[in-house]
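Among the features that TrEMBL reports, transmembrane segment is placed at A:44-77, A:98-119, A:139-156, A:168-188, A:208-231, A:251-272, A:317-341, A:362-382, A:388-410, A:431-452, A:458-476.
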Number of protein chains: 2
Amino acid sequence: MRRLVLGAPLPTYAAGHQTLRKRMALPIFASDPLSSVAYAPQELLLILAGGGLAFIGYTPWIAAAVILLLTVVVVSYRQLVRAYPSGGGAYTVAAKNLGESASLIVASALTVDYVLTVAVSVASGVDNVISAFPALHEWRVEFAIVCVALLVTINLRGVAESSKAFALPTYLFIGSIGVMIVVGAFRAATGNLPLAESAGYTLQHHDLARAALAFLLLRAFASGCSALTGVEAIANGVQAFKPPKARNAQATLVAMGAVAVSLFAGVTYLALKTHVLYTANACDLHGFANCDTKAQRSVMAQIAASVFGGHHAVGFYAVQATTALVLFLAANTAFNGFPLLGSVLAHDRYAPKALLARGDRLVFSNGVIVLGTAAAILLLAFRANLNLLIQMYIIGVFVSFTLGQFGMVVHWTRQLRRGDTVHRTTRALHVFRAINFVGAATTGVVLVIVTITKFTHGAWVVFAIMPVLWLLMFRVNRYYGAVADQVAPDAVTRFGSAGDYAVVLVHTVNKPTLKALDYAIAADHKRLAAVHVAAEPELTESLRAAWRALEIHVPLTVLESPFRDVSSPLVEHLERDRTLHGSEVVSVYIPFYVYGHWWEGFLHNRKSRRVRHRLQLCPGVAVVLVPWLLDSSQSLYTRPARPLPGLERRGLTALPASRKITTQRRFHRPIQR
Amino acid sequence: MRRLVLGAPLPTYAAGHQTLRKRMALPIFASDPLSSVAYAPQELLLILAGGGLAFIGYTPWIAAAVILLLTVVVVSYRQLVRAYPSGGGAYTVAAKNLGESASLIVASALTVDYVLTVAVSVASGVDNVISAFPALHEWRVEFAIVCVALLVTINLRGVAESSKAFALPTYLFIGSIGVMIVVGAFRAATGNLPLAESAGYTLQHHDLARAALAFLLLRAFASGCSALTGVEAIANGVQAFKPPKARNAQATLVAMGAVAVSLFAGVTYLALKTHVLYTANACDLHGFANCDTKAQRSVMAQIAASVFGGHHAVGFYAVQATTALVLFLAANTAFNGFPLLGSVLAHDRYAPKALLARGDRLVFSNGVIVLGTAAAILLLAFRANLNLLIQMYIIGVFVSFTLGQFGMVVHWTRQLRRGDTVHRTTRALHVFRAINFVGAATTGVVLVIVTITKFTHGAWVVFAIMPVLWLLMFRVNRYYGAVADQVAPDAVTRFGSAGDYAVVLVHTVNKPTLKALDYAIAADHKRLAAVHVAAEPELTESLRAAWRALEIHVPLTVLESPFRDVSSPLVEHLERDRTLHGSEVVSVYIPFYVYGHWWEGFLHNRKSRRVRHRLQLCPGVAVVLVPWLLDSSQSLYTRPARPLPGLERRGLTALPASRKITTQRRFHRPIQR
């Protein structure tokens, strides 16, 4: 069962870099951008419907603008991959060309975006499931939260993104939507395409002033731009591609762009042909019964029902299932993309160094939990309402687009100034710069439009959170700088400790204590004492008796502890010793248990950890940890390495956790003389 | 500000036991039992109202039965305090007299009870706040969750229960309810007491069969029994009293019982005089407008309004405020009582040993979080509905009452059999046994009544959870037994390691590394090597250069790391060395940072911790931790000790965390030769 869910354990010797073929990279990186086809046409229609039926006629123009923008961004990002094949995307470009402040703006925008990718994708996925099973409408929020919890669990357990289970749904989605578009277009051409279920409803008619009209069209465009989310994923993950990395990433980017444009255009076309209506508030649809308690079916669901012949057709269920699946996959990509961004930030000292390290499960777990919790809070706060969540979504995307492309313009300009024409002609550099300038200008204009049209609808939240994240990363960087200054070797500090005193901390006579004592004897310290703190008087007596019975020659020093506390008497003893023997190095031997189950941690070890923390503050003391392996620790030797989130996007595989130790397990038990 | 919230830091030398005067112990232990006056009369009335107006007339009889039961339990518990002054209550009595199974039933019942104390008290507190501010009704669940979160935060930060802030509200509650009863009785005697706002409503009339009538009365009695919750708190916390501990605890118990009886009788009397109606479903009250969206005011609120002249009278607000406050305090007692039970269970090896240890903040934090989360889940699942939550509440209470009293009967019988009449006459022992037998029989009968009348109304949840807890504690006990067997010294295992090789793990040349090297040199090992794992090639070159520049004479061994992993090459190196030099003890010196802020943990140390975990599994290796104190660690020396939840109930105070170290801070810096 476990193998079925997680895949076979990685062979422990097969470590190192693992790269992705294009046909695997496409589904992994493209589930996020392609899945936006599920909500972008709907959001576009929704805003237009707010103005009345007449406005739906503007749909083709706005869709065309979105497609043009998508093309510009894809072409522009091709340049970015070419120039920065090491990956890192807009952040790296901004950092190298625009300086610290701009790069941190991009980093905080991307962070916000990852949270929203999870929230929006899950909300849309839930919408599409509800469209197929309307009875679930009542449990919308709970359902969404359960989905996020599931994603968190999957990523905490560890799963390889490159497994076929992750690639298949994206291809199925492309396939099912493709079939829907082809069948729909054929039926439309033969005059045989039924209208959508909402085509019969009427809309409130609004008389809008010319200014309001323009604003409405801009808002519709801004909402349609949600089709562009996720395009940057490939540029961030170039390292995951098979060589030639940059070339392959570019090809995949173009393929992804072509598919995204086709699907977006096809779905929008069918939405118009089937006369789908979709409104922010279901009760604005005159004729829609029980609008208070029933949910509108998603645009995708209505189209699928029209094309394939109703809500019980196989085709309808296929489209809904693959749409929901690819949306959950898109949410999952955020859990992999976030650590990728984190590792780049960590390299530049803007995020915890541990994000760089391979195999620190704890740190990655924290990241997964933070991301999931933030998304869950958003889903709770906005009742898993896609239309509300999407208002916040694309701000971050366009901030990073604009700054990334602008950074590229600076990049090419610098190359031109340096006259770096060894690899490329001046003419080519001019063309490249022009492409990126168009990209920067276009996305910049869109960012302004999006901000203006969405600010009061919820986008202000993003503008409130981004400065906080910015400051956090800035402070982390300065903290690392301060620590580096503190520990840098200097001419003033001189080392040269003397003295060698060892203390074995004895709580009771058991094998772990005897082992610690044995190690201390073997290390042949100049002075050695066994020290017991008499926190429990009855224990002390039995200890003295056992000490005599075992004929241990190391003297047993018993320290009084009036307050039943272990560390204070020990610290005082060490301080007394220090006044007698001068400043010396004291090695305190502390035995501790090694165990194999996480829950055993709740049952052991706390006391010795507390003593250790106290001794850290004691001058001249080093703590020697002598492990005792409980039987349960056996499982540690054979535990297979599980992949961490984001590892594959960085072109890495899981660490070989248990190489070579396997055979030597019993060796660690006390050695016979 | 911090001082205002948490109180002045404890003087670091004032460690040891701290005991409570009766006048402080009463409010601390009695907020739980006394606060039940806020809901017990209401629940009693609610069940009777379910049968129709005519049934309200049975109220005095049922209230009298509850008061009789309360008296029996208090008298019976007086005996328990007398016999087991060490505290522990029903659990200890059951463990000593009825064996393991019974004691674990009590322990799991009490655990369930602590969770329900939080949930029920918070739900009732929220009810009373809403009665004063009806607009909050919409946010009932959110409000309740915020209250639980607040309690968790307070207890995570640490706060002394014996501070005046905790004693005052209980006295204010007793005072304000007392005044209400006196004023109400006077106005009733003078024929001047207005009826409650619900007195004008009518109830659905039910024609009940005789059997249903009897069942309804039993259910009303069972609900009224919620007045008895919390009575056991004093018996659990005898150690917290000033000597003579048992005598003082008994006196406090009796005082608490007398106050509880008076308040319960008084509130029930006023409820009858003001003709309060309260139903499970607000819409059963004919005449109550907007019953779908509005909440009924609590019985306490309706009485207070009648007595003090309306919903804007000062007296009304005073009663509601003190009632809500004492209920939140009652919820807080669970956070202190739970660790107390935990420490007794830990002593008997049924719970993590760490619960015994004083000052392990992490463990107590986990307990606080678990308790808070469980209560929050209950509040969420039952929409903070007091009537639903209370169905589950008193099962646990009466399980522990019955088994505790039954254990006392066995206790006195054993004393009689042993003829232990040194301290007491045989006659006295017979009387004692009779008292406890009456207690056991009565509470046993009530337990049966409560189970039968409430099982289908939600009590089954408790019966589902208790076996799980029982098994958990049983397994923990058996686990500790198995570990003790594993580590017990035996004649077969022989110690006698030889060889003394030391390795200093070098990542880069900085002060912490130089200090570790310095300590290793001082310890004068037979062989010493500095080992660097070349995970990052560019770092290795600069390290070699620095090594030469500083003229360090310890040889630097560089290990290749093709997979950029630190631990595997190190482990392989140690194994190679072992094959060359035979089984020997290897001390691996690892420098690490000591810092003063919790958040610095996210920015440091992960890599060395991972290496350490890997080395634990390596035969013959002991890890030597050499601390480097960052500037921020300064705060560790002067940090005041904060009290842990439950500490005071065990008659303890916070540990003196920073005794004596304060003056020697700078000493730990590298010593000048």
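Cβ coordinates come from backbone N, Cα and C, glycine included.
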Practice prompt. Name the range, of those listed as A:44-77, A:139-156, A:251-272, A:431-452, that has the largest tally of Cβ pairs under 8 Å with the transmembrane segment (A:388-410).
Written response: A:431-452
Worksheet, complete the sentence: For the transmembrane segment (A:431-452), the candidate among A:139-156, A:168-188, A:208-231, A:251-272, A:458-476 having the most Cβ pairs under 8 Å is A:208-231
Worksheet item: Counting only pairs 6 or more apart in sequence, are there at least 3 Cβ pairs under 8 Å between the transmembrane segment (A:168-188) and the transmembrane segment (A:98-119)?
Response: no
Worksheet item: Based on Cβ pairs under 8 Å, which of the stretches A:98-119, A:251-272, A:362-382, A:458-476 lies most in contact with the transmembrane segment (A:139-156)?
Response: A:362-382
Worksheet item: Which one, A:98-119, A:208-231, A:251-272, A:317-341, A:458-476, has the most C-beta pairs under 8 Å toward the transmembrane segment (A:362-382)?
Response: A:98-119
Item to complete: Between the transmembrane segment (A:458-476) and the stretches A:98-119, A:251-272, A:317-341, work out which stretch tops the count of Cβ pairs under 8 Å.
Response: A:98-119
